Amino acid sequence: MTMALLGTLLLLALFGRSQGKNEELSLYHHLFDNYDPECRPVRRPEDTVTITLKVTLTNLISLNEKEETLTTSVWIGIEWQDYRLNFSKDDFAGVEILRVPSEHVWLPEIVLENNIDGQFGVAYDCNVLVYEGGSVSWLPPAIYRSTCAVEVTYFPFDWQNCSLIFRSQTYNAEEVELIFAVDDDGNAINKIDIDTAAFTENGEWAIDYCPGMIRHYEGGSTEDPGETDVIYTLIIRRKPLFYVINIIVPCVLISGLVLLAYFLPAQAGGQKCTVSINVLLAQTVFLFLIAQKIPETSLSVPLLGRYLIFVMVVATLIVMNCVIVLNVSLRTPTTHATSPRLRQILLELLPRLLGLSPPPEDPGAASPARRASSVGILLRAEELILKKPRSELVFEGQRHRHGTWTAAALCQNLGAAAPEVRCCVDAVNFVAESTRDQEATGEELSDWVRMGKALDNVCFWAALVLFSVGSTLIFLGGYFNQVPDLPYPPCIQP
C-alpha cells in the first residue's frame, strides 16, 4: 500500500508539472501565433502608444574630461500596453506572467540619443515580461558612454552638467508618447532613480541633482508631427581631495620655495637665480600634468592652470629682481656715481620704513690708526733728517697733542733738506693719499651693497604679499564655486 501511494503521488506531481508547462506553452502559442513584432500595438493608425519610462542608475563609472565622455551603468525600465497580448489567468490555469525573448515582441526602440560610441542599444537583450491584461514590461541593463561638455574653469573645484537623452529611434510624437513612471504613491518619478542599496558610489564624483524632463519638438511643417524625448540631467560635483593632496599641496610648497631666494645674500645673485629657475622648471612639470588631464579647449583656462601661470610669473619677476639686485650690489665708484636722492631713498628712507637699523658709524675708530701710522712715518723722517735719537723725538712729540708740533717742525726742516728727502716725503704723501682713496672707495662699495640689500628687502615683501594675496584670491574662486540651489530634490535621499 505504501509503495502504491508513493507512486500515485509521484505521477500526480509529474502530471501537474507537465500541465503547468503546457499552459505556458499554450499561452505562448495563443499570443504569438499570429503576432507581428513589426507592427505597433494600436487598433487604429491614428492611435498613440503610451510608453512609461524609468531610468535607474547603478553606477556612475567615470567622466573622462579629456574626451568629454560620461560612462554610466543603468537599468532602463520600459512599460507599455499591447492589446494583442491580452489574456486572463483564469483561462490558463492561473498563469499571470509570460517571459518571452525581446525579439518576439514589439519594442518602442528607446535609445540614448547623445551616445558617443554609436552603441544605441542595451548591453543585454533580456526577456520581456507579459502580464495579464496585455501589460508589457522590459528592464534591460545598459552601459552608456554619452557626451558631456566639460567646463574646466574651476578645475579641480568644479561641477559638471551632463545629460542622458532618450527618445524613440523610429516613431514620432504622434505614434509614441513618452511619460514618466509613477511610484507606489502615484507620484511621477521625474528624476533618475537611485537605489542606495545597489548603487556604487564613485570615488571622484558626487551626484547632487538628477532631474528629468519631457521635451516636445514641433515639426517643421504641418505634415511633420515632431518628436518627443526625455532628458535626464546629472549635476555632478567633483571630490577634490585627490587633486589637493597630489597636485595642489606639492605645487604650493614648491612655489613657496622661490621666496627662499631672498634669504641668500644680495651678492649671491647666481645662487638666487638658480633657485628661482629650478622652481620654474618644477612648475612647468605640474602644468604639463594638468594639460594631460583637461580637454584641449581654448574656451577657458582651469583654475589650477591659472595658479601655475601666476606662480611662474612671480618666479620670473623674482629672477629679474635677483639680476637687478646683483647689478646694484656689484657697482663701484669708478663705473657708477651715486646720486644724493638715490642714497636718501635706499639708505635712509627704505631702511626706516622696513624697520632696518643702519650700521653704526664710529668716525673715531679709523682716525687714531691713521694718525698713529702718520706719526710713525713722521718720526722716522725726523730721525733721518735731524739726526736726533728716536726716544728724544718721541718725548718731544708727546708734549704736543696728536703730533701737531712735530709735523710743523718737520715742515720747517724739510725746507732745507736735500732733494732726495723731498722725494721720500712725496712718496709718503702719495701713500697717504692712496690710503684715503681706498678707504673712500671701500665706503662707496659698502653703500652700494647696502642699497642692493635694501632693494632686495623691498622686493621680498612685495613678492610675499603678491604670492599670498594672489594664491588666496585664485583658490577662493574655486571655494565659492558651489552647485547652486536648484528647485529639485536631492538625487540620493539620505
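Heads up, the Cβ atoms here are built off N, Cα and C, so glycines get one too.
Here Swiss-Prot flags 1-20 as signal peptide, drawing on similarity to another entry.
Positions annotated as topological domain 'Extracellular' by Swiss-Prot, on the basis of sequence analysis: 21-239 (among others).
A simple way to gauge crowding: the CB of ASN86 (N-linked glycosylation site) has 14 other CB atoms within 10 angstroms, across all the protein chains here. Look at ASN86 (N-linked glycosylation site): DSSP puts it in coil. Annotated N-linked glycosylation site per Swiss-Prot: ASN86 (among others), in sequence order.
All protein chains considered, the CB of CYS162 (disulfide bond) has 23 other CB atoms within 10 Å. Under the heading disulfide bond, Swiss-Prot lists CYS148-CYS162, citing similarity to another entry as support.
The N-linked glycosylation site annotation in Swiss-Prot covers ASN161 (among others). The Cβ of ASN161 (N-linked glycosylation site) has ALA149, GLU151, THR233, LEU234, ILE235 as same-chain neighbours under 8 Å, each 6 or more residues away in sequence.
Sequence annotations record features per position, and here Swiss-Prot assigns transmembrane segment to 240-264 (among others).
Helix first, then strand, then coil: DSSP counts for the topological domain 'Cytoplasmic' (265-272) stand at 4 helix, 0 strand, 4 coil. Sequence annotations record features per position, and here Swiss-Prot assigns topological domain 'Cytoplasmic' to 265-272 (among others).
Taken from Swiss-Prot, the feature transmembrane segment covers 273-291 (among others).
Away from its own ends, the topological domain 'Extracellular' (292-306) comes close to residues 65-68, 150-158, 243, 247-248, 251, 474-475, 477-478 of its chain (Cβ-Cβ under 8 Å, at least six residues beyond either end). Taken from Swiss-Prot, the feature topological domain 'Extracellular' covers 292-306 (among others).
Non-local neighbours of the transmembrane segment (307-328) in the same chain are 251, 255, 258-259, 261-262, 266-267, 269-270, 272-273, 276-277, 279-280, 283-284, 286-287, 290, 301, 448, 451-452, 455-456, 459, 463, 466-467, 470-471, 474-475; each lies 6+ residues outside the stretch with a CB under 8 Å from one of its CB atoms. Among the features that Swiss-Prot reports, transmembrane segment is placed at 307-328 (among others), with the record citing sequence analysis.
Annotated topological domain 'Cytoplasmic' per Swiss-Prot: 329-457 (among others), in sequence order.
Residues or ranges marked as transmembrane segment by Swiss-Prot on the basis of sequence analysis: 458-481 (among others).
Sequence annotations record features per position, and here Swiss-Prot assigns topological domain 'Extracellular' to 482-494 (among others). Same-chain neighbours of the topological domain 'Extracellular' (482-494): 159, 191-192, 194, 196, 199, 207-211, 234-235, 237, counting only residues six or more beyond its ends whose CB sits under 8 Å from a CB of the stretch.
If one looks beyond the topological domain 'Cytoplasmic' (265-272) by at least 6 residues along the same chain, the residues whose Cβ comes under 8 Å of a Cβ in the stretch are 318, 322-323, 325-326, 328-330, 449, 452-453, 455-456. Residues 153-154, 156-159, 240, 252, 255-256, 258-259, 262, 303, 306-307, 310-311, 314, 317-318, 321, 325, 350, 354 of the same chain, all 6+ positions outside the transmembrane segment (458-481), place their C-beta atoms under 8 angstroms from a C-beta of that stretch. The topological domain 'Extracellular' (482-494) scores a mean pLDDT of 77 in the predicted structure.
CYS148 (disulfide bond) counts 23 other C-beta atoms within 10 Å of its own C-beta, drawing on all protein chains shown. According to DSSP, CYS162 (disulfide bond) is assigned to a strand segment. According to DSSP, CYS148 (disulfide bond) sits in a coil region rather than a helix or strand.
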